[in-house]
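Working notes for the structure below.
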Amino acid sequence: MSFSYAKNCLQRFCVDEFQMNTETSNGFFSSDLLPSLGARINYATKLRKFIISPFNPRYRCWEMFLVVLVIYSAWISPFEFAFLSYKEDDALFIIDHIVNCFFAIDIFLTFFVAYLHRESYLLVDEPKKIAIRYLSSWFIFDVCSTVPFQSLILLFTDHKESGGVGFKLLSMLRLWRLRRVSALFARLEKDIRFNYFWTRCTKLISVTLFAVHCAGCFNYMIADRYPDPRKTWIGAVNPDFKKQSVGDRYITSLYWSIVTMTTTGYGDLHAENSREMLFDIFYMLFNLGLTSYIIGNMTNLVVHWTSRTRNFRDTVKAAQEFAKRNQLPPRVQDQVLSHICLKFRTEALKQDETLNGLPKAIRTSIAHHLFFPIVQNVRLFQGVSPNLLFQLVPEMEAEYFPPKQDVILQNEAPTDLYIIVSGAVELIAKIEGLEQIIGKAVAGELFGEIGVLCGRPQPFAVRTTEISQILRLSRTALMNILRANPEDERVVMNNLLLGFGGFGYVDHQTNGGPEIKRHHDTALTSIDINNLEARVKKQEGDDVQEINKSMNDVSLNLENKKELNEQKVELIGPDEKGTKSCQLKPEVPCCSNSCSTISSGSKVTKSTNKRVTIHMKKNESLQGQFGKLIILPDSLEELFRVAGQRFGGYNFKKAVNAEDAEIDDIDVIRDGDHLFFL
């Protein structure tokens, strides 16, 4: 085997049904943008009049509009501080005032926006509490970032372009608004509709560009304010730099900032005085931290992105070495590799991690939503109470199996019962040294019930034919729940026994293979269990009569149970010594080999143990009619009743044998006779 084969297996087995489908909402401004913990339960909360919900779509749209204005403020504030002088008729002067008005409106609206309580995670809509919370937190900073310091510059500097440095510094308080951008990125990183890798990269690029922009502006401001322009980093190269356009000076500043940040060294632009040297020192120290932050984040993103693939390759390589070292057969090697490939794909669903981290009640609700409709339609649980199904479903575990994967092996110890959710399996028995397909099970059917409920080895192997999701229920959990529900226990055993005689099981002792027959139009495949087990035991040299006697006892007990309503099934799990067996109480049918006797207190009449094959005579010919193998009851009336039930409710009055002789006494019927009913 090679890794290319593993790659092919991955492409083959990992189909769309295992892809995680994420629901999308109505738009980017939708209230479904991931809120704070517990906030989703407040979407439908009715608030007081004039109080705004923070999850209202319109308010979310307003916040996104403010984020756009914040981006503008973050760029224009350092640029105006370094390169521009304020004028009343300037377009930027008017735009700044309009932007400040929008943020002033937001300050007013904040007094009417409900907030999420940190302890209860419920919305608080009391105006007094909202006002106190806002006044004691961000109100002062929001006001300072909204004050029109541009107008104060014009008022106190008497329109001198050289003045107003202090007020310009105060106007830099507008950068406080960047906290809105930080909160936006925090929400986007948690929102599964947006790719985490690209969201994180966008944030890192934005931080880098903002740092480059601010450093270039501040460094130019230092050079512009220095007394001797020729002794500055830009004046040493271009003494008349102040006569250049604003765009040229800004690009030169960005060039210096990027060269310094990337540590490529100084060439034509470098510090010329102590002020610039001091600023460069702090800027390069800041760059050390920023560079480490960026490199660390990018490394984590790349490692997280590729770690699963690397682990998959290591697992495949280890499996290859293990198979080679232990000389495993090719078929087993293929199964191991297929399982690894499927597990690699299904791990992305994070199902086990998600469920294990939830409380038991939530896990139970999820299990009922996913699997209850499937389990209630399984033939073994037909007629049981909803209470039993409610207890069984949470105990089941979902597992994925690739094609041609063995789920259980023939003669394997009975430990689990399986229900197919999706996919299909084949039932395979090894007869005379060859594997033969004796049946098939599809979605909604189960297997393994014979071994689990009868306490005997599995009569056949089960192998998947396509990717399958299968529910697994442990024998211990099933037995404990059945013992706690005696009435449902009886119904389950009835359904199991009816599976042997009520779904068209036949026993034609021919030289051919096991006979398979479908019951009407159902998807259930019925298997001749008696014939199959007899052939397998004959090959192994075991006692055939003991197996037949066990199955006969099962059918006999079913007939007796129908006659005596006081009978009751009780399945007994492992005893103190750890052996698995079934025990029989008085007048109780049981499915184990060791439970074929009736206690001394039983009132049940001992059966003759004769086996006969019954047919319904449809025409004059008595041959070629498919029959049903039953245990001969104690009277002709009971025989007519059983035959009527087996053939769909007919009321038979006459029975003849294969020689067309009428039967008038139960004692004249011999073991193995074929009876025809009219």
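Using the three backbone atoms N, Cα and C, a Cβ is placed for every residue, glycine included.
The structure displayed is predicted, hence computed values, not measured ones.
Here's what TrEMBL has on this protein:
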- 380-499: domain 'Cyclic nucleotide-binding' (DOMAIN)
- 611-678: domain 'KHA' (DOMAIN)
- 64-86: transmembrane segment (TRANSMEM)
- 92-116: transmembrane segment (TRANSMEM)
- 137-157: transmembrane segment (TRANSMEM)
- 204-222: transmembrane segment (TRANSMEM)
- 281-303: transmembrane segment (TRANSMEM)
Report, as numbers and ranges, every residue of the chain located at least six residues beyond the transmembrane segment (92-116) whose Cβ falls under 8 Å of a Cβ in that stretch; write 'none' if there are none.
36, 38-39, 42, 47, 50-54, 59, 62, 65-66, 69, 72-73, 76, 80, 84, 86, 122-125, 127, 130-131, 133-134, 139, 142-143, 145-148, 150-151, 177
Helix, strand and coil residues within the domain 'KHA' (611-678) as assigned by DSSP:
14 helix, 17 strand, 37 coil
Secondary structure composition of the domain 'Cyclic nucleotide-binding' (380-499) [DSSP: H/G/I, E/B, coil]:
41 helix, 45 strand, 34 coil
